[in-house]
Structures are given as structure tokens and as C-alpha cells.
Amino acid sequence: MSAAPPLDRGTARLTWLYIVALSAVALLSISGQFLVQRALRQQTSDSTIVNIAGRQRMLSQKLTKEALASKQASTPTERARWHQAMRGTLQLWQQSHQGLQQGDPELHLPAGSNSPVIAAQFARLQPIFDDMVTAAESLLKTSEPAQQTQPLNRLLQREPEFLAAMDAVVFQFDREARARVTRLQRIEWFLLGSTILVLACEGWLVFRPAVEQIRRAGRELFESRRQLQIAKEAAESANEQKTRFLANISHELRNPLHAILGNAELALSMVQSRDQQQFIETIVDSGNSLRALVDELLDLACLQEGKLRVHPAPFDLRALAERCLAMLRPTADRQQLQLTAELPASPLVVLGDSLRVQQIMLNLLGNALKFTRQGSVRLCITQSDDRSAVRIEVSDTGPGIPPELQQTIFDAFTQGDTRSDREHAGVGLGLAICQGLIELMNGRIRCESELGVGSRFIVDLPLAAVTLSAPVAKVEAIKETSSVARRILVAEDDPVNRKLIADFLRTLGHDTRIAADGHEALALHQAAPFDLGLLDWNMPQLDGLELARRIRQRERGEHLPRVPLIAISAAGIVADNQQAQEAGIDLVLSKPVGLDQLRAVLESFLHIPSLDSTDVPATSAPALDDRWSQPLARMQGKRELFRDVARTFLDQLPAQIRKLTDEADRHDFRELARTAHLLCGQLATFDATDLIAAAEQLEAAADAHDASRCRDLATQIAGGTAELQHSLQQAIAQL
């Protein structure tokens, strides 16, 4: 724990003055309280003394009256009664007289409290008192009236003298008591004034400078916060610029990299020399590694900018895991490692982004294989009891991760092995991207590792199970059963995606009605009923949301059965699920839509087996570039379908690019945004992520009416699509 910073001289001085002032106030308060308590006790004592002194006068008079009554008593009994009363009065009178001078606890009279004046008065009074006591005692000793005359006369003679002297004593007691009260009042006023003075000095010497110091500190703090805010904004701006630079340079790297790989693969098919083939294979392998790094940089940039989106759709997680294992098994065999799995016994169809889940799974398995020298790597997939989530575990028998690095391995550009001479290559982006993707899907990842034993990465994802119909064997008899074929309405303004979806549906054996816009789709709906609708989210004039509203309105008005409506959004569109539900849409899919994904959706909503009419055995056709593996996988490896869709796209692309650049030059921002959006959907079919990002930025720039940015992005897209055209033409030539 860090020590507190030392106080400056001003603060130390204020602290010292504050302590002194508080001590003075405390001392004055204690003194005042002490004097008040003392005054209360003194007043009580003075009251008692004055009362007893006054009572002495009354007792002297009472003693005289009792003596007269005793002398005049007619019977011995009466005389004895008066004598008894005289004894009590005499005893109390003597006790009080003694207590007033020397103190008496019984009478609550303090000792030694008399002033010299009172002591002198008592000294003058003492002979009178003694003479009266002697006379009274003489009266009590005789019962003969003749013998009582002389003592009684002496008592009567001395009584006025005693009263006069006692009055002087009482008055002096009272005078001194009032003097003490006055003196205490003066002291209290002095203490009050001193307290007020100390408080005033404290306010002037302590609080006023303290307030000024607080104000100054507040101003300095405000200025410091302002400077920190400026620095924070500058750092964020620099980070954004770094991220944009990272994305832009990655885009720029991909274009020449694709050209290098494409030409290298062409050269590989043309050379005959084995040495030359090895050289070119080295170029291809290195290029593929570099492309993987560029793809990781692009994913990281998109995650940091918040541009990466998940596109949930039903998919078979078990089949996806098997594909990942098949892709990595050659690597495991080459390293003599066991690659095992514990998967669900039956297909596990869940709702999620299969592409991102596959990316996470491949990354974790690839890391485990890379860092494990001997032993095994294991994949385990389990489902939660309520079927609302899945857990993916990847464990290995590698070297393990030190505890101090287990919290940092998910940071970008961080690896478990931080030595400069580390054995394994890489820049440390894989786990950072995995964590970003997992958090994007509202999941979480954690690591458990022990040095020398191995590591285990546990991923929890909220992938809810989707209930589908039971699998049905694909036999020829099904194809002839028209009862399972369904009429599907497709509303799609993009000809490339329109052809792709139509071919998918024909492949699945369904009757398809195609509409190029919302009005045409509405007319087809009014002409004949259909079983399910696939509606593009963003169409001109009548978009997918409004089309869904009108279809639902017609169903309610004419009491028609409710049919499922599926919206399809472009890669850059973030669908508003609440808005979609209010419009009557049952599910939102994101482009590109694969054949497996579409099959799962139809089975889920229509509860029928699909009629795949093109189940053909795999052929020994030459392998395509890895960049087409995902698009081809979405088409179930149907090369003819890939070729037809690619040709349709290439036929449309030149006109699209000319339209794009012309609208950017004319500042036709509305049409430019629409063209860019349309191009996003087309590019998504071929996983052209760099061009998709540029098209999304162009659409945003057009919405913002940023003419300069629009021209730059249009030029960038035109250059990028040239390389895409070349690669697609090469792929078509190989099919």
C-alpha cells in the first residue's frame, strides 16, 4: 500500500492552527462547564448556610418562649414537657451555631468556608451565645420557679443582642453569596468572549485559508481533469486512428496478397520441375500464413471498432465440430498427437452464428495442437439442462500456462510464452479475437492450467436448442412425394442473392415464387397462397418490414392462416428484433445464407424433411483456393451452383461499379447508399470481408453526405473488386 504524500507548508500550518484552535475551544468549554458545576454547588451551599443562619434567630426566640412557658407552668408535668422542648431546641441551636463556624455534614454545612468578616462576627457573637446557653442550661437544671427567675432574665436580656448580631451574620452570608455569583457570571462572560474570539480567529486564520485552498485545489483538480479528458480523447483518437490504419493496411495487404497467391497457384499448375514446385509451394504456404494473419488483424480491428456482427441462424453444432476436427486431424497426425472428442450422440441444432463458433473452435483447437508436443488434444461439447446454452471445452497435455500469465493471455498481442526465443510463432491475436467473439455472443471464456500437466479452455455460449423434425432418410421415394414440397415466396431485389436463394430452394425440392421487389411480392401473395416467405430486409419502395405488415394485415382481414415470414438482412445491417416482431417477422437471417442454414430454418418452421434433389457423390475435381471454402460449404459443395452464382455476380458487377462511381461523382447520396447496401449483400455471398467493410463505410458516408469520403471509398471498392473478379474467374475456370 503506497504511503500518503507529505503535506506542504501551507497545509501543515493550517493543520497546526486548526489543532490549536480546537484545543483552545475544548479547554474553554471544559473550564466553563467546571465553573457552572462549581457555581451550582456553591449556590446550594450558600442557600443552606443562609437558611440555617436565619433559623438560628428563630431558634433563639423559640428557646426564650419555651423558657417563659416553663416558668409559668402550673403543674410539674407541664413544666417537664416544656423542659423537654427546651432541650431539643437548645441542642439544635448549639449544633447549628457550631456547624455555621466549623461545618457539619449532617446539616450539609461545609467546613472552613467562612470569610474573615463572618469569622469576626461570630467571634463577637460568641459571648452572647455562650451566656444564653448557660442561662438555658441553668433553667433546665432547676424546677423551682424562684430559682428560674435570674437565668430567665439573663436569657431575655441577651436575646435582642443575639438577634441583632445574628442578623448581621445572615446579611453577610447573603452578601458574600451574591458576590460569588457575580464573580462567576463575570468569569463565564469572559470565557464566552474568549470562545467567540478563538472561533473568530479560527475562522479567519484557519477556515478562510482552508476554503481558499479548497477552491484552489478544486480549480487545479478541474484543470487536471480537463487535461486528463483531453489526453483521454487524444489517446482514444490515436487508438481509433491506429485501428483504422490497421484495418486499412490489412485491406490494402489483402489485394496484392490475393494476386500473389492466385498467380502462384497458376504457376504451380504450369511448372514441371519439382524444385520449382517446392519453391512455389513455399510461396503459397507463406502467403496463406500471411493471409491468416491479415484476417486476424481485420477481425481485431472490426471488434475494436464495434463493426463485427453475429448473424444467428439454426445450425448443427455436432456436425460443425466434426468438420473442425476433420480439418485439423492431418495436423494432429503430422505431430503424432491424439485428437479426440466427446460430442452429443445425436445432431445438436442450436441458434447462433455458425461461422463465428467455428472460428472459435478452430482457434482453440489450433492453439492446443500448436503448443502440445506429445499426448492428446480433446474437444468436449455439452448442453445445459434447460437446453439454453452449450459448453465447449478444449483440453490438452501441453506445457501449461504460468499462473501470472493466465489473466493476460486474452489480451491482444500476448502469448503464454513471452521469451524472445520462443519456439512457437504467432503474434498473439487468436485468444483475444476468441474472447471478443465470445463476448459478442454474450458468452464467457476462462482458462484452467497447470504447469507440466496441460491446459483447459472452457467456453460457455448461450446457444439455445432449436427443435427440428426427426431426420428422414433421403430416398428416391421422398422426391416423388409432393405432399412435403412447399410453396415458398422469395422477395429479393438483388439478382445475385435472388438466384442463389432460388437455386437453394430448388435444391431442397420446394416450389419457389420469385419477386424482385415488395410490390411484386405482395401481388404474388394475393394471387396464390404460400407456406413460407423469405423477405429481404431492405428493398426499394416497399421494404421487408412493410411487406410483412401488409401480409399480416391481409391474413387478419381475410382470416387466412398465419404463414412464417423470415427476413434476410445484409451483412452490415443490425436488425432490430423488436421492430421485426412488431411487423410480424418470425426470424431474421443475415447474409450470406447457406444451404444448411436455409434447410434448418425450413425444417424448423415447416416441420418437414428437405428434398435435396442433388445428392451426388463427391468427385475428384481439383481443389479450389481456400478463400472459397466457406462460400462453397454454404452451398453444400455444389460446384455448379457456385459457378452459376459467381457468373451472375460477375455479369452484374461491372454495371454495379460504374453505377457506384457515377453516383459518388454526382453526389447522389440516396442512390449511392442503396447501391452500396446492395453490393454488401452480393459480396457477403463470397465472404469478401474487406470489400464488405468498405461498402458498409460507403453506405454510412453516403448517409452522412460526406462527398470526399464517398469518392475515396468508391475508388477503393472499384480497385478491390477487380482482384475479386480475377479470383472468381480463376475459380470458375477450375470448376
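In case you wondered, yes, glycine gets a Cβ from its N, Cα and C as well.
Look at TrEMBL and you will find 221-248 tagged as coiled coil.
Summarising the annotation, TrEMBL assigns domain 'Histidine kinase' to 248-465.
Here TrEMBL flags 487-606 as domain 'Response regulatory'.
The domain 'HPt' annotation in TrEMBL covers 638-735.
Neighbour count (other Cβ atoms within 10 Å of the Cβ, all protein chains): 28 for Asp536 (4-aspartylphosphate). For Asp536, the entry in TrEMBL reads 4-aspartylphosphate.
According to DSSP, His677 (phosphohistidine) sits within a helical segment. Annotated phosphohistidine per TrEMBL: His677, in sequence order.
The transmembrane segment feature in TrEMBL is assigned to 15-36 (among others).
TrEMBL lists 189-207 (among others) with the feature transmembrane segment.
The Cβ neighbour count for His677 (phosphohistidine), using a 10 Å radius over every protein chain in view, is 21.
Helix, strand and coil counts from DSSP across the domain 'HPt' (638-735) read 88 helix, 0 strand, 10 coil. When the alpha carbons of Asp536 (4-aspartylphosphate) and His677 (phosphohistidine) are compared, the span between them is 12 angstrom. For the domain 'Response regulatory' (487-606), the mean pLDDT of the prediction comes to 81.
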